[in-house]
């Protein structure tokens, strides 16, 4: 499904956070949302998974305004992998992933619930840990389990909030490869510009609540944007192996 | 916020029906013992015969004194203790899920203090001030009023709900203290007994309503069990999983207030059961609410039956209030829980 965010405005406690933020993702697109701390990335994401209602503007998933859908119906279209989550002590991986079926099931779990959980565990590469305690996993494994939970939702759009945060470099690549491999429409807040450049089809730059650039990676991560928005002396370059890398030329600008 | 335990509960992988069968059988055994034991002990065989003759029909075979002790006093008392224990344990599970805090229970969140004001008002001032309600009805009304105040002030946000629960509780406790100071000395003993809780006054005609409330409330949350599981992951995640967070919290608080109000109406202010039993259940059986709810109900029932047995046998023939024992066992448990949490986090 496609994701359309149109002219979204949000103020929190009187402070404008998002000003006419607009963004589209075509079905299967992998869109990265980048910007410095406090630019409004997480706030924009929250309007997509229906945790925050914009003051004005519209968020459409598959053509439907998410705020005209019930929470349940919206969660059947959109799943989210978020930064913080409370996990009760002793909860197992299978139980965490099964939570992804909350918006689907009737009173009892159906065959479809069970197969969705099984598929998600397999797809995220965590099927062999199903009976382990979530608390016994490494950071990378935990993140893959949370991805499996989102996949069990069988979403058409997947949003991720800094999914590679606190992960070691190998776990970052593993996770992003998994997300990329799902083929689902993705909107991911990413702090690591190099990861963003490597995996995203398109990037959207948020700066002080305004979308200042959007489009293919090489068009967006220009030296000018990197300097003005991120305050670094850098550029995105297409390397010989077809991978786009961000090359930092010097220490951050004064 | 994030706390992880690296191990699953020891009985996590035992299927629910087996867990229910074993705890259910344990509960029945405890209840039969509690019916037989007391200031006058009745042999188990006679207990069976009396119950059998009443439930299955037929003629009474035990002697009339045992018959009366068992059927008119002990059975309703033990049943009421079991229902109250189940109700308080389920209320504790609901409140812990509601505010994402292991310390939540009906007392801490102001519901029992609300019930106390209602009952103490009727005992000390008279039924006239609350429109002719009985102490039981006033206790129920007090708990529901406290629940409404906590939710209105807490606005469905866990951290605010804790604070508003504690604040509402203190206001009601202050009112209760004032009423006690103004009370006739003759009423004070009744007030104290009410505040500490007791099932000594159990009557057959109370049981129907209490049973209906405990079963209906437990069934209602059981049906919402998956939503409750999602809710305890936190507001943002629960929303993304498709849960209407505010509405689910309201449901939990209404049911918890209903259970607490009903239990307080028939048994007074019993503390700590709603704290202790859910934690023990989770430690033993895992954290899935579809397991925790029915198992907590059974364990809570058994626990309160045992505590009631203690309360009438420790100092026989005198009766002590249940709340003395639940607090005496519950407070050390609370300290143990805190120490345990610290070593884990």
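Numbering starts at 1 and runs along the chain as displayed.
For all residues, glycine too, the Cβ spot is worked out from N, Cα and C.
These features come from TrEMBL:
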- B:12-37: transmembrane segment (TRANSMEM)
- B:78-100: transmembrane segment (TRANSMEM)
- B:107-129: transmembrane segment (TRANSMEM)
- B:135-154: transmembrane segment (TRANSMEM)
- B:161-181: transmembrane segment (TRANSMEM)
- B:201-224: transmembrane segment (TRANSMEM)
- B:250-272: transmembrane segment (TRANSMEM)
- B:322-339: transmembrane segment (TRANSMEM)
Taking the transmembrane segment (B:107-129) as the reference, which of B:12-37, B:135-154, B:201-224, B:322-339 gives the largest number of Cβ pairs under 8 angstroms?
B:135-154
Which of B:12-37, B:201-224, B:250-272, B:322-339 shares the most C-beta pairs under 8 angstroms with the transmembrane segment (B:135-154)?
B:250-272
Hey, which bits of the same chain come close to the transmembrane segment (B:12-37), Cβ under 8 Å, at least six residues off its ends?
43-44, 46-48, 51, 70, 74-75, 78-79, 81-82, 285-286, 290-291, 294-295, 298-299, 301-302, 305-306, 308-309, 313
Do at least three C-beta pairs under 8 angstroms join the transmembrane segment (B:201-224) to the transmembrane segment (B:250-272), pairs 6 or more apart in sequence?
yes
Given a Cβ distance threshold of under 8 angstroms, which distant residues of the chain, six or more beyond its ends, lie next to the transmembrane segment (B:161-181)?
98-99, 101, 104, 107-110, 112-114, 116-117, 120-121, 124-125, 142, 146, 149-151, 153-154, 188, 191, 195, 249
